[in-house]
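Novice: Taken from Swiss-Prot, the feature transmembrane segment applies to 13-33, supported by sequence analysis. For 182-291, the entry in Swiss-Prot reads region 'Catalytic subdomain A'. The Mn(2+) binding site annotation in Swiss-Prot covers 275, 277, 413. For 354-416, the entry in Swiss-Prot reads region 'Catalytic subdomain B'. Under the heading N-linked glycosylation site, Swiss-Prot lists 482. Feature annotation from Swiss-Prot assigns domain 'Ricin B-type lectin' to 512-616. Taken from Swiss-Prot, the feature disulfide bond covers 515-533, 588-601, and the record attributes it to sequence analysis. According to Swiss-Prot, the UDP-N-acetyl-alpha-D-galactosamine binding site annotation covers 517, 520, 534, 539, on the basis of experimental evidence.
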């Protein structure tokens, strides 16, 4: 009897085990479906969203585990644990390991093939020679209007390429990590009565060289242009590119306000500002955005190449690298360039390393949008243009950020010898802007600037530089460092004049009643001249009076700041008898003749007597 029932019992037991196994599989599949749905729909954009999601997952897991463990006799028992999630940094996006591939960094648009013999092809010069009378008139009109050869630009393709990638090998071979991911960017281009060809070549250049996954949009900000072709015609042209938008200021407010308008409508994670007459070289964008991903408080500029204003030849980078420059400032608060100090060259291992710069030109740079807003964007009370780049340079460094130049990022720019634009209220707005930055950021060192610029001193005395209380509050809120810290830590090479000098101002000769003057286009290495005293200041080149047996010359000062010394030829004694005595050559300065020179000291000679006078 027992033997007859055995097959039936075995069959019943087998069905029971199969039933339990089916339940296990079903419950496990339900668990996977719920878990996948939770992961798929939840976008981990901020830390606040992590806890509820993890809680939901834990609840689902608990139900599943309890159900499975309550099924007695199920073998083997299954132990399921939720995957351990790594701690998430606020603001960090989900990213994959490894590096971006060339396919992932494919440009937004493919550049059309060009005729290698076309005007300006491959970035070559287009020389306008043998023009007929009509062409000559057109060329002259373009130069007068735009201060560059618009005739040449108009005949160069909007789509021209720049030939082979001639950057150093480490730039061409540079890989970019997927984690943290490269941020998206909004390109902001401000224009006012810009030439059609230079503006549109800038736009096309961006689209042909910027990865599609990084290029969020191109925002063209019209600062009240009056040229008709920049209105409906421009709007119609950019309709073919959904990524390009035009916003307009109804009245001329200048670069600063226009950039703030562009930033206010931008949706990218970073902002990239370009001028309206640029061309971007291969791989220009990735190094800028990679540096911001690595250091969100870095404000980064490309290596700016020159586009010749006459021929539009693009000065391409060298594959062997080259000596770089960085930004500086003088005590007239003008921007300039200088070669890198030895310690900065030593710090950098190759061309992929950023260059730290005390100031930046301010026309071409990228910055995190969040950081741009946090650090105070631009001073909204500054007018039109001028001084905003020096102000931002001081502010970024003093408030915990840093300015850098990325040599592997190359952007060409048409450098003009003068501006084609007039400014409402004239150039006084620039001086007013400079006074605002000096009052907020320079502490006691602002007095050096006021001694150099009589117009600035008047603005301060009359208190016509506007309300700066918001900018002072910003400095206090961000707990920014003082200007002494900036000079000591960011720019120790700067020449800092005495805060309380024994003498300052113009240097007037008693004999001819004329003043010592730099003269035109004297950037060092040329003699000085005697010129009618005007008391306007200007021409402050941070150069030194260098004694020699012929006419004395202006030369680059051997005194460079801390731990440096001036050579004897640049050390002068203003003696009680009003002579200027050079100890190295034991001679005195005379103003007799076309150029000041040295002569045997004669205290009775009125041409050897000099007095300092304050600028009016």
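The backbone N, Cα and C atoms fix where each Cβ goes, glycine too.
The structure displayed is predicted, hence computed values, not measured ones.
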Novice: Going by C-alpha positions, which of the recorded positions (482, 533, 588, 601) is nearest residue 520 (UDP-N-acetyl-alpha-D-galactosamine binding site)?
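Specialist: That would be 533, nearest by Cα distance.
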Novice: Within the chain of residue 601 (disulfide bond), which residues six or more apart in sequence place their C-beta under 8 angstroms from its C-beta?
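Specialist: Expected: 579, 581, 586, 587, 588, 608.
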Novice: For the binding-site residues 277, 413, work out the Cβ neighbour count at 10 Å and name the residue with the minimum.
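Specialist: Each of the binding-site residues 277, 413 was scored; lowest Cβ tally within 10 Å is 413.
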Novice: Out of 275, 482, 517, 533, 588, which of these recorded positions shows the lowest number of other CB atoms within 10 Å of its CB?
Specialist: 482
Novice: When DSSP states are folded down to helix, strand and coil, where does residue 515 (disulfide bond) land?
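Specialist: It is in a strand.
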Novice: Near the Mn(2+) site, what residues other than 275, 277, 413 in the same chain have a C-beta no further than 8 Å from the centroid of the listed C-beta atoms?
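Specialist: Near the Mn(2+) site, the remaining chain residues are 198, 202, 274, 276, 278, 307, 363, 364, 412, 414, 415.
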Novice: Can you tell me how far the Cα of residue 413 (Mn(2+) binding site) sits from the Cα of residue 515 (disulfide bond), in Å?
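Specialist: A Cα-Cα distance of 38 Å.
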Novice: Kindly assign residue 588 (disulfide bond) to one of the three DSSP-derived states: helix, strand or coil.
Specialist: strand
Novice: Taking Cα atoms as reference points, rank the recorded positions 275, 277, 482, 517 by distance from residue 533 (disulfide bond) and give the first.
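Specialist: Of all the candidates listed, 517 is nearest in space.
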Novice: Go through 515, 534, our recorded positions, and report the one whose Cβ sees the most other Cβ atoms within 10 Å.
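Specialist: That would be 515, with the highest Cβ count within 10 Å.
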Novice: Given the recorded positions 482, 515, 534, which one's Cα is the least distant from that of residue 275 (Mn(2+) binding site)?
Specialist: 482
Novice: At a 10 Å cut-off from the C-beta of residue 520 (UDP-N-acetyl-alpha-D-galactosamine binding site), count the other C-beta atoms across all protein chains.
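Specialist: Taking all protein chains shown, residue 520 (UDP-N-acetyl-alpha-D-galactosamine binding site) has 8 Cβ neighbours within 10 Å.
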Novice: Would you mind sorting out which of 277, 482, 515 (the recorded positions) have a C-alpha within 10 A of the one on residue 534 (UDP-N-acetyl-alpha-D-galactosamine binding site)?
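Specialist: Passing the 10 Å Cα cut: 515.
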Novice: Taking all residues of the region 'Catalytic subdomain B' (354-416) together, what is their mean pLDDT?
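Specialist: A mean pLDDT of 96 is what the predicted model shows over the region 'Catalytic subdomain B' (354-416).
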Novice: Based on Cα distances to residue 482 (N-linked glycosylation site), point out the closest of the recorded positions 277, 515, 517.
Specialist: 517
Novice: Roughly how many Å separate the Cα of residue 515 (disulfide bond) from that of residue 277 (Mn(2+) binding site), to the nearest whole number?
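Specialist: Computed Cα spacing between residue 515 (disulfide bond) and residue 277 (Mn(2+) binding site) is 41 Å.
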